[in-house]
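Chemist: Sharing a structure, written as structure tokens. Questions coming.
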Amino acid sequence: MEVVLEGKFLLDKRTIEGYIGIEDGKISKISLREIKGDHKIKVDKGKVILPGLIDVHVHLRDFEESYKESIESGTKAAVHGGITVVFDMPNTKPPIMDEKTLKLREHLFKRKSYADYALGFLLAGNKPVEADFYKIFMGASTGGIYSKNFEEDYIRALDIVSIHAEDYEIIQKYPERPPIAEIRAIERVIEAVKTHKKPAHICHISTAKGLKLLLDSRLEMLSFEVTPHHLFLTRSDYDKNPLLKVYPPLRSEEDRIALWKNIDKVPVIASDHAPHTLEDKEAGAAGLPGLETEVPLLLDAVNKGLITLQDIVEKMHINPIKIFGIENKGFEKGKDADFTIVDMKREWTIRADNLYTKAGWTPYEGWRVKGKVIMTIIRGEVVMEEDEIIGKPRGERIVKKGKHRRNLGSSEEH
């Protein structure tokens, strides 16, 4: 046995003390009894070993916008925040809409990524090529490219589609992007999924009505996510700080409360990490950095009794694996030995000065939180410990399952 992790971890929804054996970067054994190994990592009391957390919505910029973020800086931010896999959004500059650009992106990741990664492909009337997932913007957002025929692009996709659901016509007429823009778009997605029965994932749900539509639809092939900024911030925060401009916008306190009230029914939490420089933000750019703050904010919520560690594992590990069909990840024998180790008792203050993102600011500046990521392990190797990035870029592309079916609690489609 090369490496043995010893400490407290979650198994079958229970927290237990045990041992995890790692060989050749894979989980080789999970046991309550001691495992002998060449190298032991002992996790002290008050700290918990979580399976490696996955963020299915990340904008890493690079290409012509490497001054905002690069694959190197963004994946350093990811592992600093306890994220072991990032899903790379394709609305880059230039956008990833052909095979040549996708291959260029993969080449960059192979050389620069500190985290494992999934590669996205943008659909807006173009021909799809094989990718890990596809992205459709129903209305213009950062990058300005949107699908003029959503249903056609959705049908054309070769695998699951992540959808930015804001109706183009409504946001053209009402640039403040009112709730109806999201609601109308969600209605269209639901109808398309009912008709074509192809997997779809709606990004960053922000409204109570949009959430209700999705929960009532009970479609096996349709999943969705919420972001920490829609869970922790509201329109009144934006009124005080225009840097908090984001699409979809921060909503009312009623909407925020509705997301929390239904948090047990939300399949995925994702950051929608969308970094811009302060200069670009002051000029009106939409998007918030979030890779390094999402897990600490959620750990703090665990300490406050709003959610459980099991909820975090389900929404940032178990469900992303099911929904996006990731073959090589999971907390079981034979899967990659990825772990996010957290100190549930550590109190600290979020400061932009201590973050790896190039954004240079955070919406949560000065927030006092209880709970911190202290170590990140990818394929059995420590890549971050106590805020320090360790070693060179060693990220690998995820392995996708073949035609995967998903079951997130409902087998009905109606």
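Including glycine, each Cβ sits where the backbone N, Cα and C put it.
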Chemist: Pick the one from H80, H204, H229 that Swiss-Prot also lists for the Zn(2+) 2 site with K135, H164.
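Modeler: My reading of Swiss-Prot gives H204 as the candidate in that site.
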Chemist: Per Swiss-Prot, which one of N91, N262, N303 shares the substrate site with H59, L60, R61, H276, A286, G287?
Modeler: N91
Chemist: Hey, Swiss-Prot has Zn(2+) 1 bound by H57, H59, K135. Any idea which of D272, D280, D300 it lists too?
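Modeler: Answer per Swiss-Prot: D272.
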Chemist: Can you tell me the CA-to-CA distance separating G287 (substrate binding site) and H204 (Zn(2+) 2 binding site), as a whole number of Å?
Modeler: 12
Chemist: Would you mind reading off the Cα separation of H59 (Zn(2+) 1 binding site) from N91 (substrate binding site), to the nearest angstrom?
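Modeler: Between the alpha carbons of H59 (Zn(2+) 1 binding site) and N91 (substrate binding site) there are 8 Å.
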Chemist: Going by C-alpha positions, which of the binding-site residues (K135, H164, H204) is nearest L60 (substrate binding site)?
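Modeler: Considering only the listed binding-site residues, the nearest one is K135.
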Chemist: List the same-chain residues at least 6 positions away in sequence whose Cβ sits under 8 Å from the Cβ of D272 (Zn(2+) 1 binding site), in sequence order, or say none.
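Modeler: Same-chain residues close to D272 (Zn(2+) 1 binding site) (Cβ under 8 Å, separated by 6 or more) are H57, V58, H59, C203, H204, T227, H229, V246, G287, L288, G290.
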Chemist: Given the binding-site residues H164, H276, and counting only Cβ atoms in the protein chains shown, which has the most within 10 Å of its Cβ?
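Modeler: Within the set of binding-site residues, the most crowded position is H276.
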Chemist: Can you check what DSSP calls R61 (substrate binding site), collapsed to helix, strand or coil?
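Modeler: Note: R61 (substrate binding site) is coil by DSSP, not helix or strand.
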